[in-house]
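Read the structure below first, then the notes.
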Amino acid sequence: MIREVPFWTSQRFLTAIVTFWGFAVLYLQRVNLSIAMVCMIKSPYKGNTTSGNFTYFNETLDNLTLTTTLKPLSYCDSLELKQAAAADDTGEFEWDKELQGLLLGSFFWGYLVLQIPGGILSERYGPRRVVMYTMMPAAVLGLLSPISARASPWLFLVVRVLIGVGESALYPAAQALFARWSPPSERTRLVGVSLSGGQFGNALMFPMGGLLCSSLGWDSVFYVMGAIGFVWCLVWFFLVYDSPSLSRRISPLERGYIQHHVLFRDGVKPPPIPWLAIFKSLPFWSILIGHTCGNYGLYMLLTQIPTYMKEVMKFDLKTNGAFSMLPYLCMWLFISIAGVTADLFITRNIFSRVTTRKIMSSVGLFGPAICMVGLTFMDCTQQVGAVVLLCGTVGLSGVAFAGYMVNHGDIAPQFAGTLFGITNVAATIPGIFAPYIVGAVTKNKTREEWQIAFFIAAAIYVFGGLFYALFAKTSLESWAKPPTPKQADGSESQNMIEMNKGTNSV
């Protein structure tokens, strides 16, 4: 039966591809400010290219004559002077580091709002409309971002918060969607393909954003990303369906195959959410802790890589965009490979499901921690090494997408959207604090300050990896088991069984 059902030309794979581009759009609009910020802010060198903020000037040059008091320029200082000479007048704003960190983190304030409601609404009313009615306003607000930024940084902050609200339903909605569309033997692959779109969007954003900034101005970054988001919403609405039984494009063979292997049934009223049991579940907490700790490092780098590349590695804007892309291309690649590998481990009985999840999560948490420690020893004379370690940090994080990121569907498939919403609320909080913490720690933009930021992130990665390895499970939780025939509507269940028999015989 399985070999007769197509995969690459199937509706479930098409659903995964459209969702892939949805996550790409989400990250294009989430990360656009990180790259745009580099050219939105006025250069500190303009009008005083001799001072900058070099430590050997002691940052107090107002009444001094620069004669014998200067120390010889290091290689890194010479690169910084080149940045000063290349500085232009494209920057419009004089926002300090704290305000920049506040704006970069503001998206995540709104991103908290619909994580749990988005999952519940998707389970009850279907993910198709939930995503359409939230992502479309976010795209429109993206188009309005330059106007709000020029009007007031606080109005811009409000717009960023609202964009976060609009995009906050996509992750839990996707979990609910694939609880209906993915047989267990394909779940890691289909969910992995979909979620990897976010990292592809990251990779695309950095060079595209750098090119748009340098050629058309920073506001073009928001206009282009908003327009892409608007078009994707239309594609989503016309190509994606809430379940196989509602799809007009699916073959009877594929419909019967999916319905035979998933618990979801259209028309069956979802059971009440067992809130107390969920929060008493240690396997659930292992997912939440792993997800939260992994996201701290990811969100820190997501918002700060361009700034790190500029302040410590001394890359110019175009080079910055190109090299900032590489870590997310690696992550996209690792997510795709990890999904296929995990399914292979499970279907061929190489490892049990729980061992597979723990292996993938350990690689995705301990690996980045090791790379981050290595980053603390890099300076601008070791640019290649720093980029390689950044690729390792971000890339290896993608392996966890075959671990804790799909574990919700293992322990409670019918509540997967709600569970992901809960864990993603906790995992979004680092996105609020990480940019602000880094901004506060790196006020003087020195390598030593960035070392502190990286050590903090590495320690958080390790804690998450240990907790997940100790307490994760993949067996169906008792509170998540589907209702028995006595609890369910007997006539409706019988009708569904008959329908499945009919489709399986096609």
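Using the three backbone atoms N, Cα and C, a Cβ is placed for every residue, glycine included.
Given the structure is predicted, the values throughout are model-derived calculations rather than measurements.
Residues or ranges marked as transmembrane segment in TrEMBL: 12-28 (among others).
Per TrEMBL, domain 'Major facilitator superfamily (MFS) profile' is recorded for 48-476.
Same-chain residues lying 6+ beyond the ends of the transmembrane segment (99-118) with a Cβ under 8 Å from its Cβ atoms: 30, 33-34, 37, 41, 130, 134, 153, 156-157, 160-173, 299, 303-304, 417-418, 420-422, 424-425, 428-429, 431-440. Under the heading transmembrane segment, TrEMBL lists 99-118 (among others).
Remote same-chain partners of the transmembrane segment (130-148), defined as residues 6 or more beyond its termini with a Cβ less than 8 Å from a stretch Cβ, comprise 22, 25-26, 29, 32, 114, 118, 121-122, 155-156, 158-160, 162-163, 165-170, 173, 218-219, 222-223, 225-230, 232-233, 236-237. Residues annotated as transmembrane segment in TrEMBL: 130-148 (among others).
According to TrEMBL, the feature transmembrane segment maps to 154-178 (among others).
The transmembrane segment annotation in TrEMBL covers 190-209 (among others).
Residues or ranges marked as transmembrane segment by TrEMBL: 221-241 (among others).
Feature annotation from TrEMBL assigns transmembrane segment to 282-305 (among others). Beyond its flanks by at least six residues, the transmembrane segment (282-305) meets 30-31, 34, 104-105, 108, 202, 206, 324, 327, 361, 364-365, 368-369, 372, 390, 393-394, 397, 400, 403-405, 407-408, 411-412, 419, 422-424, 426-431, 434-435, 437-438, 453, 457-458, 460-461, 463-465, 467-468, 470-473, 477 of its own chain at Cβ-Cβ distances under 8 Å.
The annotation transmembrane segment is assigned in TrEMBL to 325-347 (among others). Long-range contacts of the transmembrane segment (325-347) within the same chain, counting only residues at least 6 positions beyond its ends with a Cβ under 8 Å from a Cβ of the stretch, are 185-189, 191-193, 195-196, 199-200, 202-207, 301, 305, 353, 355-357, 359-360, 364, 387, 390-399, 401-403.
Per TrEMBL, the feature transmembrane segment maps to 359-378 (among others).
Under 8 Å from some Cβ of the transmembrane segment (384-406) lie the Cβ atoms of residues 187-188, 191-192, 195-196, 199, 286-287, 290-291, 294, 297-298, 301, 305, 312-313, 323, 326-328, 330-335, 338-339, 341-342, 356-365, 367-368, 370-372, 374-375, 378, 468, 472, all in the same chain and six or more residues away from its ends. Positions annotated as transmembrane segment by TrEMBL: 384-406 (among others).
What TrEMBL lists as transmembrane segment is 418-438 (among others).
Among the features that TrEMBL reports, transmembrane segment is placed at 450-471 (among others). With a cut-off of 8 Å between Cβ atoms, the residues of this chain six or more beyond the transmembrane segment (450-471) that come close are 282-283, 285-287, 289-294, 296-297, 300, 304, 308, 311-312, 358, 361-362, 365-366, 368-370, 372-373, 375-376, 403-404, 430, 434, 437-438, 441-442.
Summarising the annotation, TrEMBL assigns region 'Disordered' to 482-506.
Residues annotated as compositional bias 'Polar residues' in TrEMBL: 490-506.
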Taking the transmembrane segment (418-438) as the first stretch and the transmembrane segment (154-178) as the second, find out whether 3 or more Cβ pairs fall under 8 Å, excluding pairs closer than 6 in sequence.
yes
What parts of the chain pack near the transmembrane segment (190-209), using Cβ distances under 8 Å and only residues at least 6 beyond its ends?
12-13, 15-17, 19-28, 31-32, 35-36, 174-175, 178, 181-182, 221, 224-225, 302, 305-306, 320-322, 324-326, 328-329, 331-332, 335-336, 338-340, 342, 394, 398, 401-402, 405-406, 409
When the pLDDT values for the domain 'Major facilitator superfamily (MFS) profile' (48-476) are averaged, what is the result?
83
